[in-house]
Amino acid sequence: MDRTAASRPDLYLIADQDTVYEQDLFRAPGSIKPWLAYIEYKQQNGTLYEQAFVMERACKQLPRSYKLWKMYLEFRINHLRGRNATKYRAEYQKVNALFERALILLNKMPKIWEMYLSFLLQQPLVTQTRRTFDRALRALPITQHNRIWKLYKAFARSASGQTAVKIWARYMQIHPENAEDYIELLVELGQYTEAVKRYMEILDDPRFQSKKGKSNFQLWTEMVDLLVSKAKQIRTGPQVGIDVDAILRSGIDRFADQRGKLWAGLATYWITKGNFEKARDVFEEGITTVMTVRDFTLIFDAYVEFEESIIGSLMEAAAVRADKGNVDEDADFDLDLRMLRFEQLMDRRPFLVNDVLLRQNPNNVIEWEKRVALWGDNKEEIVNTYTAAIAAINPKKAHGKFSELWVNYAKFYESGGDLDTARVIFDKAVKVPFKSVAELADTWCEWAEMELRSENFDKAVDIMAKATQAPKKSTVDYFDETLSPQQRVHKSWKLWSFYVDLVESVATLEETRKVYERIFELRIATPQTVVNYANLLEEHKYFEDSFKVYERGLDLFSYPVAFELWNLYLTKAVDRKIGIERLRDLFEQALDGCPPKFAKPLYLMYGNLEEERGLARHAMRIYERATRAVSDEDRFEMFEFYITKSASNFGLTSTRPIYERAIAALPDQEAKEMCLKFADMERRLGEIDRARAIYGHASQFCDPRTNAGFWQKWEAFEVQHGNEDTFKEMLRIKRSVQAQYNTDVNFIASQAIARSQQRAQEGAREREGEEAGTDASKERADAMAALERQARAPIGFVAASTGPEGGNRPPPPGQQQQPQPSAPVNPDAIDLDDDMDAE
């Protein structure tokens with residue numbers, strides 16, 4: 001099927017059956033339809049030669065027909081598919097020639113170019129293929145170039161080498177957004193210098209956006225990793241435009257959280273380049289400039305590993321020399337020097353870590369103290385550290401107590417016996433504008449304590465007197481942060497407390513009283529101050545002055561603080577046995593405005609005074625007042641105490657009005673307890689009817705299901721002192737009270753709770769005996785079931801638990817009536833027969 005054979009009229013390829021198609025071609029020589037029909041017929045019935053003959057004629061007849069050319073070219077390509085391009089080189093060249101003929105008039109058809117280029121990619125024709133790609137790009141409009149570049153990039157990867165680099169360089173002019181793929185190719189091809197340049201270009205381009213979603217930091221990190229790992233293969237210098245040191249240092253300034261990694265990377269770069277001294281300089285710069293311990297640790301560990309590797313290699317070389325018997329003093333000296341340098345590096349580590357923390361916050365007092373401790377006995381460095389700390393720390397921003405640093409600085413000189421220098425330091429310290437008044441007060445106190453340790457007592461007193469200097473009437477607010485600590489320190493309680501203790505221990509009473517008086521003038525006294533001052537005067541037999549101090553303290557403080565002062569004051573006054581009228585006035589003052597919760601102890605003390613030194617009736621009136629004045633929590637106990645005192649002084653009958661008022665004043669639960677005590681008292685007096693009436697009154701507070709103990713006591717009382725009628729009356733009241741509680745919604749929940757508690761208590765008794773447990777379980781009903789039965793019952797009535805028993809007489813012993821199976825058991829049942837009989 002060569003070109004010459006196809007161009008001449010090969011009449012033998014035209015069969016008799018083709019006449020119809022040939023006549024159609026003759027009648028319509030410019031139409032494509034007859035040719036398509038002819039080709040289709042040959043595809044079904046003709047040989048490959050006949051098909052090629054017809055297609056060749058069609059393309060020559062209609063050279064601008066894209067459809068015919070595409071059909072013909074696909075036919076020829078399919079014929080060669082799977083055949084070796086080298087072995088059948090001539091056939092491949094024929095098809096290449098056909099593509100060239102087609103492109104003469106169809107050079108704007110991208111599909112033809114794609115077919116041609118794909119066909120060329122199967123052949124080992126690199127130069128021809130590259131030139132054909134270039135022709136395609138020139139022939140097609142730029143909107144169609146993406147179709148060509150897709151194949152061109154694949155060709156570039158297969159061609160590799162400089163061909164691939166140059167192809168991609170051209171591609172980047174059109175599609176700079178694919179720079180990452182280009183960089184990957186350059187790295188694969190070992191073109192590291194060019195790859196770094198491309199990294200720098202995209203990082204400098206603010207419009208570049210990664211197609212793979214990488215941030216600028218990720219791209220920059222990839223570039224740095226490439227620079228460090230391929231340091232020897234990458235050309236650097238001004239002529240190339242790559243300055244690795246400047247690149248990494250710019251990243252150190254820009255990416256604060258990656259400084260440790262970048263410093264280590266820069267050092268690794270110089271190590272890879274073989275410049276060990278430069279690497280050591282980088283390590284030193286890194287560990288002395290980073291701001292976090294994490295970065296420091298990363299750099300320091302890399303530094304140590306670097307030094308260990310060098311020392312290890314030098315030791316191996318020394319071992320080899322020793323084996324050979326060679327002596328190299330310079331090499332041995334270098335090894336010793338590096339060993340010494342390594343030891344020094346390890347010794348510096350705590351100081352370097354401390355430097356990092358102080359760079360983070362130079363106002364960190366705690367770290368400055370640690371630095372002082374690191375120097376141990378090196379006095380010169382300790383002084384330098386204290387001096388540097390005082391110069392660096394801003395008192396208003398200090399983290400920790402700045403005053404402690406000053407104090408420790410002074411103590412350092414004190415421990416060395418240089419008190420004069422220590423005093424100079426303290427004198428400067430008390431002028432520092434600390435964050436708080438407390439720090440300044442601590443400094444003054446420490447100064448005085450230093451003088452005390454040196455037994456300069458007068459000097460210590462003078463220092464505290466100077467610290468507490470203030471105007472006669474100071475209007476300064478201790479908590480006013482707008483004022484300096486020096487302006488407010490004279491109102492520091494800590495300072496005055498130390499001052500008064502000091503004066504009390506080393507000075508006279510008069511001087512001590514002056515200090516206490518000054519504290520009261522400044523109105524900074526605390527309750528403890530009042531007590532201490534009063535005790536001091538009492539020890540020196542100034543009892544009246546001591547009482548006046550308590551009174552001044554009571555003017556300063558209100559309840560609840562005043563309660564403790566009154567307690568002490570009244571106790572002291574009573575013990576001194578001052579006039580009864582004066583004591584009464586004091587107690588009345590104490591009780592005036594006293595909160596109820598603090599009233600009970602004062603009333604008891606007041607009543608006891610009247611009992612011992614006054615009149616019993618006065619004491620009773622005080623106790624009666626107390627029952628009204630104390631809090632609700634103390635009222636019951638106060639009534640009990642009042643009743644006990646009244647009974648002991650005036651007999652049991654005198655307690656009746658007290659009981660009556662207590663029952664009226666106390667809440668129901670406590671009133672019930674008081675009723676029981678009242679009834680027991682009447683019973684002991686033989687007043688049975690009065691006791692029964694009290695039980696009847698108390699019954700209104702006691703639900704039989706939740707207060708069974710009350711009803712048991714009443715029942716025992718009736719058994720001992722009553723008769724059948726009084727016992728029936730008790731039972732009637734019990735049923736009526738139970739009915740009252742059944743119709744009161746407020747008690748339904750409490751009944752349920754009480755039943756559950758009752759079940760828990762009776763659970764232990766059930767285990768004692770099976771028979772007794774069975775009876776108890778029948779009597780106990782579920783609380784919710786009882787409520788449901790009550791809801792279904794008519795209002796005011798409770799369904800009977802059993803059928804009629806033939807009167808109110810109980811069955812004979814041993815013949816207990818069994819409940820009817822059809823009647824539900826109801827523990828709330830009320831038997832009305834007794835009421836009817838009573839009528």
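Using N, Cα and C of the backbone, Cβ positions are placed for all residues, glycine too.
Pulled from Swiss-Prot, these are the features on record:
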COMPBIAS  762-782  compositional bias 'Basic and acidic residues'
COMPBIAS  830-839  compositional bias 'Acidic residues'
REGION    758-839  region 'Disordered'
REPEAT    12-44  repeat 'HAT 1'
REPEAT    90-122  repeat 'HAT 3'
REPEAT    124-158  repeat 'HAT 4'
REPEAT    274-309  repeat 'HAT 5'
REPEAT    377-415  repeat 'HAT 6'
REPEAT    417-453  repeat 'HAT 7'
REPEAT    470-502  repeat 'HAT 8'
REPEAT    507-539  repeat 'HAT 9'
REPEAT    541-575  repeat 'HAT 10'
REPEAT    578-612  repeat 'HAT 11'
REPEAT    650-684  repeat 'HAT 12'
REPEAT    686-720  repeat 'HAT 13'
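Listed by sequence, the residues of this chain that lie at least six past the ends of the repeat 'HAT 10' (541-575) yet keep a Cβ under 8 A from its Cβ atoms are 520, 523, 525, 527, 529-531, 533-535, 582-583, 586-587, 590, 593-595, 598, 601-602, 605, 609. Helix, strand and coil counts under DSSP for the repeat 'HAT 1' (12-44) come to 26 helix, 0 strand, 7 coil. Summed and averaged per residue, pLDDT over the repeat 'HAT 8' (470-502) gives 81.
Same-chain neighbours of the repeat 'HAT 11' (578-612): 559-560, 563, 566-567, 569-571, 618-619, 622-623, 625-626, 629-634, 637-638, 641, 645, counting only residues six or more beyond its ends whose CB sits under 8 Å from a CB of the stretch.
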